[in-house]
Amino acid sequence: MDYLITIYGCMFLVGVLGNGTLCLTLCCGPGAKTRSPLLFGLIFADLLVCCLSGPVTAALYVLSNWTQTWKYIALFIQAWPVSASTLLMMAISVDRYLTIKSYRPAGQVARRRHLLNTAVIITWISAAVLSGTQFISKHPWRKSLVITHVLLVYVLPACAVLVSHLGVHAKLTAISLTARAKHGELPLPMPLLRRPTHVIIVAGISKHGRDRLQATETSVEDISQPPTSTLRSRRRLANSLLWVAIVFAVCWFPYIVCQFCGELGTSPPATVQRYSLLLGHTHSAFSPILYWTLNHQWPQRPCRFRLPVLYRSASSTNEAALGPFHPRLVRPPPIRRRSSHYLY
């Protein structure tokens with residue numbers, strides 16, 4: 001029992017530090033207005049799981065002189081943040097899939113903020129209603145209500161998150177020309193110029209201008225990426241989302257099995273039930289690490305140091321003689337949109 005209480009104490013520290021830091025980063029960082037309110041609601045629910053559900057669960061294990069009323073209140077406080085966390089996880093995964101299915105700019109998140117705020121409030125109220133089954137101790141329909149609670153709070157969100165992230169994975173990893181054009185990877189076809197044109201190429205340039213041009217080319221090369229980099233980043237994001245769904249389902253699967261076995265007559269040992277619930281609570285403590293992997297930009301400097309011409313495309317023209325008319329300088333640098341920033 002002492003070992004279990006110690007783990008809950010560590011989960012409290014890790015969860016408060018991780019979720020609190022993540023919330024401050026999203027609120028104070030760039031693009032805070034484009035963040036989805038569902039994400040903030042999920043972070044707040046995970047924070048309450050670590051601050052309320054975990055300590056209350058540990059207190060229920062240690063203290064035995066609970067009155068019936070206070071025990072029901074403690075069970076409700078234990079279940080409400082967990083229900084809100086799983087339901088919000090389902091809501092944000094469905095929102096991700098709908099966003100990817102019908103592409104919209106990130107600014108639309110700000111325009112539909114009222115709708116998302118309403119969805120967060122409805123989710124918290126639904127979680128409170130579903131957690132009210134903890135107050136039912138003796139009722140002819142108690143077993144049916146508990147099974148319905150497990151299905152709606154744990155089984156349905158796990159399946160919805162897994163199916164939604166599988167759909168997002170299929171959309172993000174599509175390699176067809178139409179799919180890549182929707183993501184902005186392929187340029188739109190431009191009509192050929194029919195009029196006779198004259199091109200003036202400046203072959204000479206001063207030393208000062210050449211140095212400035214070289215510095216500009218270096219900065220533009222740092223911004224540019226290889227043609228497959230966007231597809232590679234989307235694949236990495238899709239795989240990360242798929243791992244988020246798998247970890248969510250795996251963390252709550254033992255507790256779901258214990259609940260079904262307990263209600264159907266074959267109750268598992270108390271130690272197994274406690275550790276299965278601990279595993280589910282641990283998901284809320286370590287979920288900021290999963291979100292960090294979605295927004296983390298892997299360093300590319302070592303690769304560029306070893307292969308300095310890795311991203312330099314071959315050309316049949318004399319690029320040095322083009323000067324300021326070089327296509328790299330005529331075309332504006334591409335806007336790099338972070339996929340995970342857009343999703344949230």
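Cβ coordinates are placed from backbone N, Cα and C, and glycine is handled just like the others.
Copied over from TrEMBL:
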- 6-27: transmembrane segment (TRANSMEM)
- 9-291: domain 'G-protein coupled receptors family 1 profile' (DOMAIN)
- 39-63: transmembrane segment (TRANSMEM)
- 69-94: transmembrane segment (TRANSMEM)
- 115-135: transmembrane segment (TRANSMEM)
- 147-168: transmembrane segment (TRANSMEM)
- 237-257: transmembrane segment (TRANSMEM)
Which range wins on Cβ pairs under 8 Å with the transmembrane segment (6-27): 39-63, 69-94, 115-135, 147-168?
39-63
So which of 39-63, 115-135, 147-168, 237-257 is most in touch with the transmembrane segment (69-94), counting Cβ pairs under 8 Å?
39-63
